[in-house]
Every structure is written in structure tokens, then in C-alpha cells.
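Chemist: Pasting a structure below so you can have a look.
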Amino acid sequence: MKIRSVKLREAHQAASNGRPSFCSVLWDQQAQHLVTACSSDVSISIHDPLLLSSPPKILTHHRDGVTALALSSNSTCLASGSVDHSVKLYKFPGGEFQTNITRFTLPIRSLAFNKSGSLLAAAGDDEGIKLINTVDGSIARVLKGHKGSVTGLAFDPNGEYLASIDSSGTVIYWELHSGRIVHNLKGIAPDTRADISSMNVLCWSPDGETLAVPGFKNDVVMYDRDTAEKLFSLKGDHTQPICFLSWSPNGKYMATASLDRQVLIWDLNRKQDIDRQKFNERICCMAWKPIGNALAIIDVMGKFGIWDSVIPSSMKSPAEDIPMQSKNSNGLLLFDEEDLDLCASGSISDLGEDSDGESQLTSRKRLREQPVSEENFDEDGSGEMALHPKVESHKKPNRTHKENLNSVNTGLKSSITTCTPKMQEAFQPGSTPAQLGKRRFLCYTMLGSITTIDHDGYFHIEIDFHDTGSCPRVPSMTDHFGFTMAALNENGSVFANPCKGEKNMSTLMYRPFSSWANNSEWSMRFEGEEVKVVALGTAWVAAATSFNYLRIFTDGGLQRNIISLDGPVVTASGFKDKLAVVTLASDCVSSNNQVLEFRVFNIPNETQLLKGRLPLTPGSSLTWFGFSEEGQLSAYDSKGVLSVFTSQYGGSWLPLFSASKEKDENYWVVGLNASKLFCVICKKPDIFPQVMPKPVLTLLNLSFPLASSDLGSEALENEFMMNNMHLFEIQKRMDEMAVAGLDTSSLDDETFNLEAAQDRCILRLIASCCNGDKLVRATELVKLLSLEKSMKGAIKLVTALKLPNLAERFSTILEQTLLHEMKKPADTYHHQDGRTAPLTVDDVSNSRGRVVAHTEASATVSMSSSPKLSAPLLTKKPKSAEEAKAGMDKSSVANETVKGKNTANEMNDREGKVGEIRQVPAHHPQDISVTVKLSNKQQVNKLEASTVQPSRPSNPFLKSSIK
């Protein structure tokens, strides 16, 4: 016998009378937290296993001792049961209290989550077992069959059975699908009714094939999953009954604790103990570390510790070769057990293991040919059949090894057929799932929100606008229909509910905020046809249904159109006259990628504007869909990528936001504008916000997922791409307005400001390229400048940076551009507000990569530049034919001198006066010259006569507005 080497420290105070208590301990999935509780203490402690000496996080929500703990497989939800008869849920690891999910009439003794986390089993002295839906808190089923306190619960890892044990030693196999008893094994475990600190427990093996139960002979008895027949037992040096047992994560080892204060570690392949420890007090709970080689223990006096290096280093680690079912647990709290994929539970892998790679334990099970064999008797020959009576099974006997092999192909085929990725379900943008006893969002947009809460069978709905000053105050309403979705705009709201009632009716209701007529509210009912999504626009209401119908109504209730959609609807959104609908285009592909299609309609015109595939990140699903404040179609997926539809490249989706993978946050999208994403930040694993306290909107900058630049100028490149996208969209709107004969002057200021901002961004990029010696890239950028003033600023910039060759190249580009403008026929220009713009839209499209001269297409310029920068000055020509000469001093580029006939003309040029450009000869090879030759004096006079001094440089996009 080894001397105890595990150091225990107090986690909970023992009972005041010194009597033993039942204490609990468990790990989270990543072994980052250790949770303890005690039946003599109202608190729950969350410890840091690396710093056990530091104070733990304390949860005190129970009024009496905590008797049971359970943690969902993804370690996001903690459940606790107590002597106070309640079961509570908490967020984990934060410990925020969520809800009292159920109550019993007597103390709770055991809790267990199923593999997906969608079901919580709770039981205690009431003798009944409640199966609770964790999504909405409803009671899925109550299992009755025990005649004593239920002290142990265990979901089979494959999701088919629930095993339970009571204080009288009876074990029951329950079929989860039907709730019926499959096997009832009466009196196979010790009777523990005399000592509440010692409770019968049971545990499934990680592969789900074997159930371990304490035996009468201070041993552990293994029972078959399907037939409930005894397989073998582990009998060692325990001198009293076993009070707790736990499988290692890989199923190769087991730890058992006994009333004799010993803990034994078993090698299941050899069926013998390989280590043991003796403690001062009885160990009442143990938990294997999910990652690593350690065992957490706690005794009946509330002291706990970690037994490191439980398994010798010469043997396989207990966390190595974990069965597929245990590794691939998804731990989602949003799906029912029936919705779990076979591929998530590792069914194909299980079939593959049937033929090879199986442990000795399973092989022994399959060699069984008779209900009574040598394995059914203990070594002392005392005839254990009396203690383990033959069980009447409602399941078929277990298949033989040959039958298993013969059915492998069939099983694989069946598994592959049913292993279909889960398809995207319909959802309402801005809505949150129902939570028992809590208010939820039916709709949350940039305009406002609609919330509802259940009040004893009917619902209370409230509508709130973010801007209470400009929007109407809407009184709350009582909802007798149980609406689950809604949409909102400035004029009204629309509600809908799923099919319910004896007639299986779904209801759609529209409620305007104001109307000149009485009784302007209206509703529609659909028998057997369920409304999936609703949308709202200017004077129209839309509902997509389970019949793949898109039903369109006027805001007065007239049924205007019914459109057959190409597939099941996923979501929909409205914006003014536009309605966007997303449907399933086909089944999920083998890579689990959703295949979705979108269509955009103009409801008043009864036309389809767009149709195409919706881009999603591989392996993701759509979580939000709608329009930006400017009317751009946008989509956000579960991987955190926002895509926005633009007119560029014939109509394409651009990724404008990507959530950081490192952050422990989820973004619940509300809307967006041209530069910001509006969202509510939820701490993982939460993906939806709570209504109370009121969510705080966070503004995040939109940005392209750019590669790391060799210049380190990703921010400037992102600004450049964003400006380019916005300019393109404004140009498209101006073109549409021009075609419709509308005045485009309302967009002038917006376009000019955006154009100027884009030129400033390009100039900063040019400076970055020059500093990084990327001169070819700088030359590409200078061709993208829109204003001539910006081009001259680029020349000054590179001259100041002592790059004369690049300055000369820039000057050549400017000269070529001005010459190109001069060659345009005079009749293609038209004066508007003192500016000149071409008539054709094509010229506007082609102008993005060249300089557009403002005021006139010839060599007239408007110059106002910083005196600190140098550039060739363009001097004004007098009325006489005499040339004006300007020179540049090579030794002082920044202090430029101009030679001409008149000093006043020089000052006029610096102040932005307009004059004729003549050739300025260079005195040195490095000097920069801008040459524009005019054909004759008559043309010069004609151009000067047509010149009007503008108040600012012209906007090239104004060209499209002239017809």
C-alpha cells in the first residue's frame, strides 16, 4: 500500500455536526476549470486547476446544499441541483445565473446532460426522472419506474438510451425516443438508502458499448449496451462496497472509490488494478482530466485535490485514442437529439472498428454464445447467477461477430445515406430564440425593436424606436396568437406565427402606426401553410411560407401577388420598394457548404432586379440578411464574414468585414451603413443578446480582408478600395437618375467630397510606395488620380523626395492626359454651373484611370498648392504673342522661381488664376516641364472666351448627368 501523496485542500465546509456529505467535482472540456459543490454548502466553486491556492469563483444561488452538478459537453452550460428542490442553469465559465429550469417536491440527487446538450435529465427523491429541453425549458418527458430515490443518471454517448439507478440498487435502461423501459435490472447494486452521503452511481464507457455498475461483492460489474447481460466484473482489493466509479476519457482505465477510503485504478484490458491510494476520508466523487493524465477527487468532508500522473508513463495516456463519439461531441444547445447527424456521432467509425482495432473487452463480449458462460460466474464459484438474474430483454439479442461483419457494407451504406449535412433553416433577421420566462426579440433593426414575453398563456408585445423624437410612440399590445416573428418600418409592423391549433392555422397580421381610417389593422390566416419569414416595405407586406410561396399584400390588406419560389425560403428583408428573398438552391454539398440563392424584386414595378447565388464562407450558415442604410444588399454568415453586393464587375459580392478569430466574442448583426457595421457583442458561447439589460450597439469599421502588404499600408489600401466602391455606387445612382430624367445635382457635393478623399488617399499611397522603392506601383497609382490639382501635387511630392526620374514620368502622364482632353470635339462639352462635363456616360466610365481637367478640357488649370512643395508653374500668357518663360532652380527645388514678363502674372498664377499653358523650356535635364502646344491663336482665344472660373475643381462624375 502506497502512502497517500495527493494533497487535499478545503473547498467546502463540512456539515456542522461532522457527518459526511456528498460532494461533487467535474472538469470542463478543455481542463481549464474545476467545479466543486457539497451537499452541506449552498455555494458552487469554480477553481483554476493551475492555481488551486487562489480563491475560486463562488456561485451562491441555492438556498440549501448543492447535491448534483452537470456540465454540457461543450462546457458552456452548468446545471446544479440542490436540497432546496430546484435545478438551476448558469453560463460557463462566467457563472452568470440563467434560470431556474425546473423544481421538484423533494431534494435533487442527480443531473446529466445528453451529448448535444439539448436535454438535461434531473432526478432525486421524487423517484421520477424529468427530461428537460434546455432550449426553452419545457419538460420533454417524465420517466417513471423507480421505487426509490434516483441517485445516478447517465446518457449513452450514442444518444439512444438513458441509464438510471436508484438507492435500492435497481438499474433501468430507458429508450429516449419513446420513453419506454427497455431493461429493468432489479436489485443488481448495493442498497444505499441508509446513508445519503453514499449514493449508487453508474457510468457508460466512452464508446457507449458497456455500462458499469457497482456490484454486491465490492466489485464493478459491466453490462452490455443492447442486451443488458453481464459481461465481466472488476474485483480487486476493495474491502467495502464501491461508492463511485469513473471511466477514463479513452475507456481503457477506470477509477473506483470505496467506503474503505481507497481509490483503485484499473487497466480494463487486463482487468486488474494497477495503482491505489488510501485517504483519510472517503472519496465520494472523481473526474478524469479530459486532456492529460490526472484525476480530480473530492472527499465527504469537502476537501479536493488533483492526483497527477495516475497512469504510469510506460502505459498509454488516459487521454490518448479517445473514441470518436467522445471527440466529436458538438455540444450545441440549439438542436434536439433527433436532429443530430450520424456523422457527428461517429457511426461510420464505429462500424469500421467492428472488424479490427477493438479492445479485448469488446472482443470478449462478442464471443458470447450462451446466456450462461464462465464469464457469468465469479472465481470463487459461488454462483453469481442468483445475484444477477437473467434479464428479460425487449431488444433483439446482440448480433454475432459473423453477422456484424456481413452487415458492415449495409451499415456503411445506410450511414452514408443518412449522414446528410444539416440544411439551413428559415429564420427572421434580428430575432432571437424563445427563452423560458424571458423577453425575446421578434425583430431588432437600425430603426427599433419588437419584443415579446409569455404571460400565463398569452404574450405581451412592445415596440420601441431608437429615436423616440422622430418616431411615433406605439402602445404595447396583447398577443393571443403567439407570434414568433415580426418586421418593422416607419409606417407599421407585421407579425406572424407558425401553424398551431386543431386546424393547424398560421396567422399573418399587419398593424399600421397611424391611419386616416378606423380599423386599419388586418390579418390573414393560412390553413396547413406556415409562414416562415415576413418582410415590410413602402406600402407593401410580404410573407414567405412553407409551400414555397411568396405572398405579397398592400399595406391596406389587398392580396396583390403570389410568387412560387425556386426552393424553401431561408430569410427575407425589405427596403423601400425592394424585397430580397433567400432560398435553398439545393441540398448541402458533401463539404457541408450551404447552397443558397437570392432574388431581389421591385414590388411596385413588379420586376426582378437581381438573381444569383449567395456567397457564404465554407462550412458556414447564413445568420443575418438585409439592406444597408444606403440600400445595398448585405449578408453575414456564422463564420463572421459580412458580404455586400455592389455593381462592380457586373454585380458582385465584396467581403467587407471578417470577425477576428482570436477574440472570444460573437457579433450579432443589427445593420450597417457605408462605413460601419452595427452589432451587439456577445461573449462566447452566446450568439444572441438578452433583451434586458438593453443591448448596447457597437460600431465596427468595415474593411476588406486584405493580404499583408509589403509596404505595411493595408489601412490606406483598404481606404482606397472602399472609396472606389462608393464612387462606383454613386456613379451608378447618377446614371440611373439621368436615364430617368432626374436632376443629379443633389449628389454633387457627396461625389466631390468622396473624389477629393480618394485623391488624398492615393497621394498617401504614392508617398508610401516612394519610401518603399515601389516606383512602378506609384506610377500605376498616379494614373488613378481624378483631379488635375492632385496630379500636380503628386509631381511636387516626388520632386521633394528627390526622385527626378519619377517626377518626369508623372509630368509626361499629365501632359498626355491634357493632350487627350484637348483632342475631344468641342461639341461634346456643355457648361453647367461654371463647370464642363461630357455628355456620354462611356466617357465617365473611362475617366476613372485618367486625370479629368476641370473648367475646360484644354490646358486651363486652377492651382492652389502649398509653397513648401515644388512643381512646374503654369504661367498665364498675355494678350500679345510673346512667350512667358518659367525656370526652375535645380539646387532649390522647393523654392521655385518663374521667369515671365510680368511679376503680377506670377502671383495670379499662384492664386489660381486661369491662363493658357505654353511650353516651359527646361534649363537642366532634371528640370520638369509640362508642354501643351496649341494650334493657333484663334483656338486659344476661343478656349479663353469659354473659360469660367469655378469655385472648386469639377467633378468627373457630373458628366453622366448631362443628356
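Positions of Cβ are set from backbone N, Cα and C atoms, glycine also.
The following feature annotations were taken from TrEMBL:
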type: DOMAIN; residues: 24-306; note: domain 'WDHD1 first WD40'
type: REPEAT; residues: 59-100; note: repeat 'WD'
type: REPEAT; residues: 143-184; note: repeat 'WD'
type: REPEAT; residues: 235-276; note: repeat 'WD'
type: REGION; residues: 346-411; note: region 'Disordered'
type: COMPBIAS; residues: 387-404; note: compositional bias 'Basic and acidic residues'
type: DOMAIN; residues: 425-706; note: domain 'WDHD1/CFT4 second beta-propeller'
type: DOMAIN; residues: 716-817; note: domain 'WDHD1/CFT4 helical bundle'
type: REGION; residues: 856-963; note: region 'Disordered'
type: COMPBIAS; residues: 879-888; note: compositional bias 'Basic and acidic residues'
type: COMPBIAS; residues: 907-916; note: compositional bias 'Basic and acidic residues'
Chemist: Per DSSP, what is the residue tally for the domain 'WDHD1/CFT4 helical bundle' (716-817) in helix, strand and coil?
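Modeler: Summed over the domain 'WDHD1/CFT4 helical bundle' (716-817), the classes give 86 helix, 1 strand, 15 coil.
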Chemist: Can you work out the mean pLDDT of the predicted model over the domain 'WDHD1/CFT4 helical bundle' (716-817)?
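Modeler: Overall, the domain 'WDHD1/CFT4 helical bundle' (716-817) comes to a mean pLDDT of 90.
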Chemist: Count the residues of the repeat 'WD' (235-276) that DSSP assigns to helix (H, G, I), to strand (E, B) and to coil, and report the three numbers in that order.
Modeler: 0 helix, 23 strand, 19 coil
Chemist: Go ahead and report the DSSP secondary structure tallies for the repeat 'WD' (143-184): helix first, then strand, then coil.
Modeler: 0 helix, 22 strand, 20 coil
